[in-house]
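A.B. asks: Feature list, courtesy of Swiss-Prot:
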TRANSMEM  28-48  transmembrane segment
TRANSMEM  50-70  transmembrane segment
TRANSMEM  209-229  transmembrane segment
TRANSMEM  235-255  transmembrane segment
Amino acid sequence: MIVRPQQHWIRLIFVWHGSVLSKIFSRLLLNFLLSIAVIIMLPWYTMLGIKFTLAPFSILGVAIAIFLGFRNNACYARYVEARHLWGQLMIASRSILREVKTTLPDERGIEDFVRLQIAFAHCLRMTLRRQPQTQVLGNYLDQEALQKVVASHSPANRILLLMGEWLAIRRRSGKLSDILFHSLNNRLNDMSSVLAGCERIANTPVPFAYTLILHRTVYLFCIMLPFALVVDLHYMTPFISVLISYTFIALDALAEELEDPFGTENNDLPLDAICNAIEIDLLQMNDERDIPAKRIPDKRYQLT
């Protein structure tokens, strides 16, 4: 995620870090070079009687803009839902620890429960990003639990099971009543709902055929555009063609980033920072001293 302070509109025009321009610059450069080639070839294909008009491109451009808008809205909805789910995880994590602390004030094993909660957040993050988990989870789980979690089809779900077992042991020993156990178990169900929601987004991409047809149409439009502009604009063709192409190609590239909100692109969710915030909150609630520093954006304003 890009976290920038409010800037003057003139400075925003020239922003590089955080924009998709760095990703699509080579494509715009190709469009610029193609436009120059079209200017050079103009006398030849005029002699052949080949003539393009802007009318079909105007109609096609409006259609592409509408469908790009639909796709971007769908991808942004995935992004918003993903952020909402991680917000729910923060609420559930704080709530269940608060209830455990107040119902079991003399419990000495709460540190283990806190580490299970932190491990769950990091495990979910690394699962969604398809990253190796053993090294990070080893900081929060004992060797036996770590082996069970890593060997599971759904490691995060296995950690939820370990948290449920921790509560069940206190219930069997009489430290938790059935009512309190049921309340705490509902919090675990909330965390399970977050897990399922994130898995649904991660495992259900925008239909490939829909993405493909838009991608093809956008690039064919941008390739043919200089031929339609050159008759009227001539030497201004490269500049106008690049400007129009930037609008369409940038929207297409932005939709690709937002489609998977759990990745590490510039405009994806800052899962590292969210997990860091959860860890800090839980450790402070448990009055621990060894607390990690809060993550801040890097020099390029990116927060991962």
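Each residue, glycine too, has its Cβ placed from N, Cα and C.
Help me picture these features in the structure, burial and contacts included.
C.D. replies: Beyond the ends of the transmembrane segment (28-48), by six or more residues, the same chain brings 21, 222-223, 225-227, 229-231, 234-235, 237-238, 241-242, 245-246, 249 to within a C-beta distance below 8 angstroms of the stretch.
Counting residues 6+ beyond its ends, the transmembrane segment (50-70) has Cβ neighbours under 8 Å at 214, 217-218, 221, 224-225, 227-229, 231-232, 244, 248, 251-252, 255 in the same chain.
Residues 20-21, 23-24, 27-28, 31-32, 34-36, 38-39, 61, 64-65, 68, 71-72, 75, 206, 211, 214-215, 218-219, 221-222, 225-226, 229, 267 of the same chain sit 6 or more residues outside the transmembrane segment (235-255) yet have a Cβ under 8 Å from a Cβ within it.
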